[in-house]
Amino acid sequence: MESPSYKNLIKAEDAQKKAGKRLLSSEWYPGFHVTPLTGWMNDPNGLIFFKGEYHLFYQYYPFAPVWGPMHWGHAKSRDLVHWETLPVALAPGDSFDRDGCFSGCAVDNNGVLTLIYTGHIVLSNDSLDAIREVQCMATSIDGIHFQKEGIVLEKAPMPQVAHFRDPRVWKENNHWFMVVGYRTDDEKHQGIGHVALYRSENLKDWIFVKTLLGDNSQLPLGKRAFMWECPDFFSLGNRSVLMFSPQGLKASGYKNRNLFQNGYILGKWQAPQFTPETSFQELDYGHDFYAAQRFEAKDGRQILIAWFDMWENQKPSQRDGWAGCMTLPRKLDLIDNKIVMTPVREMEILRQSEKIESVVTLSDAEHPFTMDSPLQEIELIFDLEKSSAYQAGLALRCNGKGQETLLYIDRSQNRIILDRNRSGQNVKGIRSCPLPNTSKVRLHIFLDRSSIEIFVGDDQTQGLYSISSRIFPDKDSLKGRLFAIEGYAVFDSFKRWTLQDANLAAFSSDAC
């Protein structure tokens, strides 16, 4: 007898296949970011290099461009750039995941691709807390078709815990370890977030070890984050990293400007003890970056991908039948107790026509240019020592009628500013990152049809900060300009590349 989830899987796959090539007409459909063929996408899940290919799973609702009972979408790649959409991996409907296959991870268990995910059950529609969440397993030999194995971890660390989700598993000294987020409630707060640590010998029988870290007064988070979602725990350089997505932090100055955050704490790990040594630091300074997940590339690089969106932000692409995409894959490094992120070198595969201007000097002036395509990579070096302008930078995706996305250095604030108040349909707001204390600032920019990603560096280090935001300009907004306001600005180098549309391949996949 076919299980309810198998029937739902067939329906989901049928919805994905019916999408066909209709998204090619969407003016905002990305050219080089992983994006659903139809419906809704959020958290990346199960990133792994398995049998010679990179696999990316993701939270997916294929029936409409809104959040619904979560499935696991699936894509694979050989180069981290060209992704092939595969059949839907998981669908909800069984007793243990009736209302959603929530986020989780993937591990290679002796040649068996094994997914560990959260089964979500709604107990009542009267409250968001009337839920039950358990950790489940599914396995695959071919890496495409999965067999559910049911619940492997049922009990949360404490009684009466409803929110208990997003397992991340790794192997260390012949033991499997798992971190998973959970929430305890008290009378004064909406909730308090924690990360629990478990251990197993076989991936099926898990023992609670301890609460790895909780939202307490010893951390600058205080008791303000009511849930810690999507935890990850890994080594980078000579430090251990606890990465997670806290919900409920209040904005403070330039920090915590989004509804929810994504960041990390550095510390020392002597199993089973994690000793934090830094405060919580955000990974990205843009409007749209959440639920990041990390994995190890075939050459040992630590690579991160995040959901390139944010809860409650406007999603104009819903009119075209899709919502959500992933950030570019980013290489992680640890420099001076800070994680730095740079786009993976494989992105250079997409470079086509190149335009180079060696030195551009402006004095209260503009330097216009035209983009051949909305798919652009830009490298700009700004000489701070030789410049006096109050503001200097770029206007991108302009149409000559007021539509533009502004990226500029503001000397009065010592910040790099992204202003998307005129960036197209239903988006607004300003985000910023610190201006590096350096003589020259390097801006590495990727423009897709509905996004901008900026990597900020100094003389020595690329990727000190990143700013990732969605924009929704008109398709003919292809003008740009360099500018300097109230003084002169020296741009030592200005390089631009038109990029190939890597996502066209997704529409010719046999799986879709």
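Think of each number as a place in line: the chain as shown, counted from 1.
Keep in mind that glycine also has a Cβ here, set from the backbone N, Cα and C atoms.
The following features are taken from Swiss-Prot:
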- Trp40, Met41, Asn42, Asp43, Gln59, Trp67, Phe102, Ser103, Arg165, Asp166, Glu229, Trp311: substrate binding site (BINDING)
- Asp43: active site (ACT_SITE)
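Structural mapping of features recorded in Swiss-Prot.
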residue : record                 : contacts (Cβ under 8 Å, 6+ apart)
Trp40   : substrate binding site : Tyr60, Tyr61, Pro62, Ala64, Pro65, Val66, Trp67, Gly68, Trp322, Ala323, Gly324
Asn42   : substrate binding site : Tyr58, Gln59, Trp67, Tyr290, Ala291, Trp307, Asp309, Gly324
Asp43   : active site            : Tyr58, Gln59, Ser103, Asp166, Cys230, Tyr290, Ala291, Gln293, Trp307
Phe102  : substrate binding site : Gln59, Met70, Tyr117, Thr118, Gly119, His120, Glu133, Arg165, Asp166
Glu229  : substrate binding site : Ser103, Arg165, Asp166, Gly181, Phe244, Ser245, Pro246, Gln247, Phe260, Ala291
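Cβ-based neighbour count (10 Å, all protein chains) for Gln59 (substrate binding site) stands at 24. Other C-beta atoms found within 10 angstroms of the C-beta of Arg165 (substrate binding site) number 26, with every protein chain shown included. Overall, the recorded substrate-binding residues Trp40, Met41, Asn42, Asp43, Gln59, Trp67, Phe102, Ser103, Arg165, Asp166, Glu229, Trp311 cover a maximum inter-Cα distance of 20 Å.
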